[in-house]
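Inspection log for the structure reproduced underneath, given as structure tokens.
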Amino acid sequence: MCQKSHSTTLQLSFLESVEKVLVMHGLLRAYSPGDIIIGGLFPIHLKTNRTTANGPISCSMFLRTQVMIYAIREINQHTVRILPNFTIGYDIYDTCGDVGLALRATLQLLKNQSDPQRCLLPANIHSALPDPQTKVVIGERYSEVSIAVSRVLALSSVAQISYGSTSEVLSQKLKFPTFLRTISSDEYQTKAIAELVNRFNWKTVAIVGSNDEYGKYGSDRLGDTFRRMDICVEFTDILPSYFFQNDSRTHARLATLVSKINKSTAEAIITFTKGSNIEIIMEAAIKLRLNRTWIASDSWSTSPKVSALPGVELAGQVFGFISKRNEVPGFKDYIISMFNSTINDILEDYLVQFPLCSNWCLANYIDHDESYNIYLAVQVIAEGLRRLLKCDNQHCKRNTKFTASELLKEIQKVNFTVNSTHIFFNTNGDPNLGYDIVYWHMDISTRIIYKYNIALILFCPSKVTVYNCEECQSCGLEKYSTQQRDECLNKTLEFLYWTDPFIIILSLLEVFGIIVTIVFTILFTVYRNTPIVKAVGGYLCFLELFSLLACFSLTFTFTGRPTKVSCMVGLPLFGIAFSLCISCILANLLQILVGFSFELNKGSWLKKLNKPLAVVTIVSGIQLALCVPWLYYKPPFLDQEILSMTILLQCDKGSTKFFIAMLGYNAFLALICFMFAFKGKQLPDLYKNANLITISMLLFLIIWILFIPIYLNLVGKYKRAIESAAILISSYSILGCHLAPKCYIMLFRKEINNENAITEYIRKHYEVTNSPLKIVNITQIPNTQNISPLSLW
């Protein structure tokens, strides 16, 4: 604030100049005649007590009135006239930010100024209201005041263009048909704030609003937005209307609020209220060294008074939202030159209060947001008049006898560029302007630099939209917008590429497994008549090898770009193939148990089960009966997950019930094999068949018990790689534990691959165990279905 003088008397004079200065009905007013009059409503004084002695002048708000006067002068004095042969005048009132005073000023603006004594309403109240000389009004700043003013102006269809009222309530055209603005609606500001919270990945916030149109609707909108985003709002505190008065009631209310903030675990405190309320809160935050993260709405994000508070860095860091910033061309020079000899009532009042404040000092208070919005509002009005009066550079085809509603319609249709700003209004009267984020850079030497721009918040708050100069268009699900929101880029497809190091390792293991399985098949074919092959189950071992070959081959369907076919066949066919493998092992174990069972009752029961082909058919057939309906009714299918910048291609398992049934059945078979193999460990076992099967089945069970929770919780492209790895480990467990030792014997331990070695091993086994059975001839060992005991290892 500039240094205030101690003058207690306001001297007002009427100056004999082109611009008339007068005070009417206790309202500070600046008036300049013209063919067309633009009204202005500004809260020049910070507050009022409804007497002739108002509060101090706000330097920044005073300058904003001068922006309007300056912009009108520029239009009138421009070398190439926008409105040839016409002069624009102004009628500006100080509202002190008070609804009552703003309504009094509005009623004065709506009077027909050719007859100042004429009442607003005609004698016959049912007749039409007179069309006022003031055809358009710039203002007010505060949403609460603009709402009241707009209802009055709408009676005469007078356009109202606000430079600072952001409440989204004013976008409701049924209630406020003549309201427009050159600042973005709070609807977009709340979305931008939510986007900032999301970018920082904050999960808990607190909201401080106020009991006015700006604060209440902004707070409500934020709360709704955060709930949809699953962000916790720890508390919402709505300040009462008396809070800015800073009296005893305020102090009691402030103590409650500060206590909430101090105890809060919120990662950010979002404030959606007037700057006068924030000054009180921040003073307390400094005193208590709260050191929190504050998010400032546009009402105070660049407040010089708040930023100049001593020790403001103790309150914490501040992120703020401001309208798109720009400089009013030539205005700073206009201020430095002491307004080019311009004089008006508001300027006189300022000079009385601040006689020692230099023009250079005043120039430091020029802002580049609301001031530019006022400048835009004047340019919009001029463009509307140019269209309405059908003007070119030489003359206008129409005269000034037009109605306020005619001008309103033309203003609503403007679509042009002012300097670098393209402006138009949508159907709600809102412009296409956006927001910048500022970060209050705390520095002990300079205390605060608040113009440090760190990011740009879109015109379009959504992550998937792009701005095309006139409206926000969706990039669609398969594209995303650049950070500048000026282009849509294709999302990249994400899946398990063959060049991925993990996939390369899996592929090598898959190829190696296929080669080893083929080599084993050749060896088993060459040695098919030897005892070692019979011990593995004879012809059953070839079914086992075939199923393992199928399992290794199916792992390729889990890598690379998924397709409809690869998704469908992968899991179900693995379930069928692996159950065939386990059923062969189970049939082999039954052969061994029957061959060495000497208890008649038990032997009789097992004898009925010792039908290898029937066992394999029935056991694997049950799995087939589970997987075929799965493939028919709800098979696995190709799915895609839309992410922010990528599209993840993946396979959905289809029916969860069938998937669990398939895995559960294979696990059940593995458990049965494990129990039979564990039971068979006490039998004579030259080739350690039972021991090896026990290990392989135990590995299978452990792998799939670990796989299920990992599979259910894993997200991303590597989910399918985990499936492939689980199948590989399961297949290698059988290949390595059950079949590989047999091939080793075929090649390197041929001396034990004959009947004599087996006979001797059985005889010694029973002698060591002190069995009462004395085996004289091998044919004495019970046989089942002409299967020699030699085939049971």
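Placed from the backbone N, Cα and C atoms, the Cβ positions cover glycine too.
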Among 58-75, 364-381, 724-741, TrEMBL lists transmembrane segment at 724-741
Using Cβ atoms and a strict cutoff of less than 8 Å, what residues sit near the transmembrane segment (613-633) while being 6 or more residues removed from its termini? 540, 543, 568, 572-573, 575-576, 579-580, 582-584, 586-587, 590, 654-655, 658-659, 661-662, 665-666, 669
What parts of the chain pack near the transmembrane segment (502-527), using Cβ distances under 8 Å and only residues at least 6 beyond its ends? 496, 533, 536, 541-542, 545, 548-549, 552-553, 555-556, 559-560, 718, 721, 724-725, 728, 731-732, 735, 739-740, 742-743, 746-747, 753
Same-chain residue ranges lying at least 6 outside the transmembrane segment (690-712) that approach it to Cβ under 8 Å: 585, 589, 592, 663, 666-667, 670-671, 673-674, 677-678, 680-681, 683, 719, 722-723, 726, 729-730, 733-734, 736-738, 741
Using Cβ atoms and a strict cutoff of less than 8 Å, what residues sit near the transmembrane segment (724-741) while being 6 or more residues removed from its termini? 506, 509-510, 513, 516-517, 520, 536, 541, 544-545, 548, 551-552, 554-555, 558-559, 574, 578, 581, 585, 687-689, 692-693, 695-696, 699-700, 703-704, 707
The average per-residue pLDDT within the domain 'G-protein coupled receptors family 3 profile' (502-762) comes out at 82
